[in-house]
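Trainee: The following block contains the structure, expressed as structure tokens.
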């Protein structure tokens, strides 16, 4: 995949949007010429520079306005241990104006447990000074400086946001009071072993521009009553999705025109398709039509200062199963600060004397607390556990709390998303051994090595076990990079016999650098897996990491074979598609290995843990399929920009990829035509017509021919086809029931007139002509003036709409029409195609769509094609940025979510390595940092099935030895008899993959032939594939009857052949 040069920037956005509007002009208005970049295409202009090629995926989360506000905010991060460096990393990647690192302490052994930018040779050096150059590499747009002096008021005054980590309560209160009085936003973050704490104070009056980050909803109106209040009814194609308290605006309403362009109005939801608005009793009568759109209205929120909030706290829940815990930990953390002040150190790990003292201090804090904080009964067991682990420093806890804290910093800078109001407490006590007696003070003593912060919590035996683990990490993108960092910090596979194997076939692109933090600008075009492996060796030189570049799937099962999987202790997925996830899930179920699964989408993230014989698998539950756009909507009746963008993507494939591929196959494969004629419906006609067009009717000889073709195609799509559609269905057409045909979701189009001086029209011709030329190996041009001159001489044929042209109104109509094919037309086409031997050496060059290269004309074509069609149908156009999101199917992403999610994954990893056996020890997690929302649940148990008295789950199977003691392989008859005698099951159908090996309705002759054949021979014959030497066993699926003839569900068969 190609990528843009690192220095290239786009100027984006424009003047401030209207108050109450959620979209910038760049989102709502068509891109126009202000500067012409290297490929001659027009772009938007603006005052603020945002490097879109770097921040692309994050911009889809935050938006341009929030991003500009980030770029004007200077942030102080105080405390550069594991938590501080995590927060600093995330906000530097995020692109704030500048970051100052503050720490007066020096590197200790325990810091290396989670501070990934400190090394053994740094012990004794200042943490901020050592970390500064390594953090500065993350983003060349963000100056990073180190400061080792005291936090005096003059110094603090120069920042918009101050972050305190691992700081004493006394310092927090002093800084908090000062920041609140000066309008400086404050985030306080702390981690203590398996516990985390977060506090936010963003001032007396903060303007929140968007509380949830979701795209504003819109719906089509079918009725508005004249009433007080008026009731709006939406078309029943889909629920409106609004909530009471939302604000909406109206457009395109016919009749009740007072609604169009009115100020945003608050609504009350009455049902899934109805809601009430203002008093409409004096408005005109509603006739038809209209679009109602949600409007994000800014609102003001207020925060208490840290001293005030300490005695009157508000909590955000992280786990509803621990409802009373935040209030208890609010007391516990205050007591812990007192203990540290008294002893100049936290309680010693697992030390009973220190734990008892902390409980006493907590009781005293509770006793003098005001009623709003005071607990009726202090959870002494919880406080004792806090004492046991408070000296610990765990990378996964720091990743989770650090991801959250960094997102809060971004909220403070931008006013985007709802902040944490105001305290958050988190714990992961389920990570402790299920055997309560397993840990002793002796086992948790510091060893003066890099894992001391972790040994303090889990003991030295567990550290040894971690070092010997063998793990397979699939993917080295954003989640993969974070997982590798955490693996290195916790010591996974870092000892003798341990190993982490990471595979990823992708190379690094510039847009990756914003969140895949192991990569640097100079790594662009290098392999991800190799680069990531080299980077984590810098973090922990002891990690045994091996990098591969293989795609996981049936094609690589000779590499990731039985031996490979049987040697593993577990698998972690870091994938970006469902198919690969489900494949790895099947492999883990087959080899009975734990699987750690996770994913992110913008500020949303999820974690799932799959444990053999205990939980369901990843594939046990699936999301409902995405709703596809009906073909007729795309072809004739679009009503949303998503429709025109999908149409443009289909155009790209149908013009610049599929015809070239078909031509090349026609020229090189003698059976191509024969194969094509066997395709269903009208496909043979469409394919052969495209080949004829490419080789005969439209084959260009010069660049001028390509410009002519592009101009003609423009007229076909944006003028002639629309005129034909309006000929079939005039604007005043009525349906059989007397209703207007062009109403509801059907928008009446109008044809466009080509104008060489219209930037968008020229954009289209430039992009289409260059891409068309590329498919023929001709040289294109980026000279807009020269192309405009060529267009003056292009003769456009006259078009007259024809009668008798069938235009399908529904997909059902289209499908029934597709059933009939004109055979005489097919014969005519075959006769007119030139013989391949008359075109020696000729080939075409199919183009694969690549969204991230701004110089290749791909997105230029998509934007122009989509926006011209949008103009046909009076649909609001989309700028390049939004078009790329939708047409490129980009997954919005931000470093903060990835860090937090991977922190949760690695907490589950602690449990997996220890071998936790209780289902309620594990936690599947879901979070949305924008809301903020956190939800945890124990994984679902594997569903249980039964035949006879035998219970089984997806983890069970029949083990059948194919090779008999005499060295001969089992025949099909022996296999069927084996199940009858051993399991009292009569097999009615038997399959391997998609190959049917046996069925009760099989023809007698075929059955007789197969019964005496060895099983592997039947598999090879039916599948027409030879079994590879790496295949030691086959997976066979059965349909069975029990002795009473009833159909019973049974496990699969693992049939061993070597």
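Every residue, even glycine, has its Cβ placed from backbone N, Cα and C.
Heads up, here are the entries from Swiss-Prot:
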ACT_SITE  632  active site, glycyl thioester intermediate
BINDING   478, 504, 515, 528, 576, 577  ATP binding site
COMPBIAS  21-38  compositional bias 'Polar residues'
MOD_RES   2  N-acetylserine
MOD_RES   4  phosphoserine
MOD_RES   13  phosphoserine
MOD_RES   21  phosphoserine
MOD_RES   24  phosphoserine
MOD_RES   46  phosphoserine
MOD_RES   55  phosphotyrosine
MOD_RES   810  phosphoserine
MOD_RES   816  phosphoserine
MOD_RES   820  phosphoserine
MOD_RES   835  phosphoserine
MOD_RES   980  N6-acetyllysine
REGION    1-46  region 'Disordered'
REGION    63-611  region '2 approximate repeats'
REPEAT    63-199  repeat '1-1'
REPEAT    459-611  repeat '1-2'
Trainee: Do me a favour and check the Cα-Cα span between residue 810 (phosphoserine) and the residue listed as 'active site, glycyl thioester intermediate'; whole Å is fine.
Mentor: 6
Trainee: Quick one: among the recorded positions 577, 810, 835, which has the most Cβ atoms sitting within 10 Å of its own Cβ?
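Mentor: Compared across 577, 810, 835, the most Cβ atoms within 10 Å surround 810.
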Trainee: What counts of helix, strand and coil residues does DSSP assign across the repeat '1-1' (63-199)?
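Mentor: Taking the repeat '1-1' (63-199) as a whole: 56 helix, 34 strand, 47 coil.
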Trainee: Relative to the Cα of residue 528 (ATP binding site), which of the recorded positions 55, 632, 835, 980 has the closest Cα?
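Mentor: For residue 528 (ATP binding site), the spatially nearest of the recorded positions is 55.
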Trainee: So, three-state DSSP: helix, strand or coil for residue 577 (ATP binding site)?
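Mentor: DSSP call for residue 577 (ATP binding site): coil, neither helix nor strand.
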Trainee: Expressed to the nearest Å, what is the distance separating residue 835 (phosphoserine) and residue 576 (ATP binding site) at their Cα atoms?
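Mentor: Spelling it out, the Cα of residue 835 (phosphoserine) and the Cα of residue 576 (ATP binding site) are 44 Å apart.
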Trainee: Largest pairwise Cα distance, Å, within the listed ATP binders 478, 504, 515, 528, 576, 577?
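Mentor: Greatest Cα separation within the listed binding residues comes to 18 Å.
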Trainee: How far is it from residue 504 (ATP binding site) to residue 55 (phosphotyrosine), counting Cα to Cα, in Å?
Mentor: 22
Trainee: Would you count the other CB atoms within 10 A of the CB of the residue listed as 'active site, glycyl thioester intermediate', including those on all shown protein chains?
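Mentor: For the residue listed as 'active site, glycyl thioester intermediate', the count of other Cβ atoms within 10 Å is 16.
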Trainee: Since the record lists 515, 528, 980 as recorded positions, which of them has the fewest other Cβ atoms within 10 Å of its Cβ?
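Mentor: Candidates: the recorded positions 515, 528, 980. Fewest Cβ atoms within 10 Å: 980.
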Trainee: At a 10 Å cut-off from the C-beta of the residue listed as 'phosphotyrosine', count the other C-beta atoms across all protein chains.
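Mentor: The residue listed as 'phosphotyrosine' is surrounded by 27 other Cβ atoms within 10 Å.
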Trainee: If I take the Cα of residue 478 (ATP binding site) as reference, which of the recorded positions 55, 632, 980 has the closest Cα?
Mentor: 55
Trainee: Around residue 576 (ATP binding site), how many other CB atoms lie within 10 A of its CB?
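Mentor: Neighbour count, Cβ to Cβ under the 10 Å cut-off: 17.
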Trainee: Spatially, which candidate from the recorded positions 55, 632, 980 is nearest to residue 576 (ATP binding site), comparing Cα atoms?
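Mentor: Result: the closest of the recorded positions to residue 576 (ATP binding site) is 55.
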